[in-house]
Amino acid sequence: MRPHLGSTAIMKSITVSVLAVCGGQGPEEEEDFTTFPSANETDLPPVTPTRFTAAKDTQEAPLLEEEPYFDASMTATYTGYLGKTATLTCIVHAAKNDKSVSWIRGRDLRILTVGGYTYTTDLRFEAFHQPHSTEWTLRIKSVQLRDQGGYECQIATKPIRTYHVFLKVVEPTVEVVGAPDIYVNTASMINLTCVVHHAPYPPEDITWYHGNQTISYTSPRGGVSVVEERGETTTSILLLQNARASDSGTFTCQPEGMEPSQVSLHVLDGERQRQLVIQTNSSCMATSRLSALFVAAVMVTIVVL
């Protein structure tokens, strides 16, 4: 038979059971007591703490794509020199691709270039564009007078954006001031001035000729000076001291790589100068008489009418 437990033993058993459920232990002397858990008690799995965070929206608002646009520093007028190469440059920022910029000729709306490609059979036209560069260049080699006119740089947007430029073609010219004839007195200073207009760059050298002879500082004649001023307009001044009859003749100004210009120089002695003055005065008097006769004839005609 199972021994009967006293009331004291029953209380100790209950105390130890409560302490075991609460995770504690009783006094050390109570460790040998055996507890009897309730038949309805079950083991629960450990609870893992969970952190709840608000859901983040991973879809961001789409960025607006920048539209291509022309550079504000672009020029609208270009100068081309006859026979030389003209360069037209279009600067476009934020271009979508290298083929989005074209050059169009204004007079016939012909497509000349698209990106770095040339779309014309005229071999004088050439497209130039480096990948990812903002510059689209149209080159025209051996420029002709008919190339003068308007050109359009277009961006392939909707609607199309267009920048208009004008190419002015100029022809370099050479002239001797006072040509075709210049008259000077004997023993005076001869001053011949040669002017070069519209040259793409100042000529490397300008040579003077008297007939077929080159004029220089070392010429046998002596008293020769040449003064040059270089720039957009280049000037060469030939100075000859103490004009003499042998200086009469044709003088030629020859800029390097350009067409020459000539002038006829007449050195007059005292008698020749007097005759020229008489001839000039006679011509003036004859012209005056003719004018007077013409006026008189007109007045008579008016009176008769």
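The count begins at 1 with the first shown residue.
From the backbone N, Cα and C atoms, a Cβ is placed for every residue, glycine too.
Please treat TrEMBL annotations as automatic predictions, because they have not gone through curation.
Record note: among 26-47, 202-223, 26-47 is the stretch given as region 'Disordered' by TrEMBL. Across the domain 'Ig-like' (68-155), DSSP assigns 3 helix, 44 strand, 41 coil. Mapped onto DSSP helix, strand and coil, the domain 'Ig-like' (172-264) counts 3 helix, 49 strand, 41 coil.
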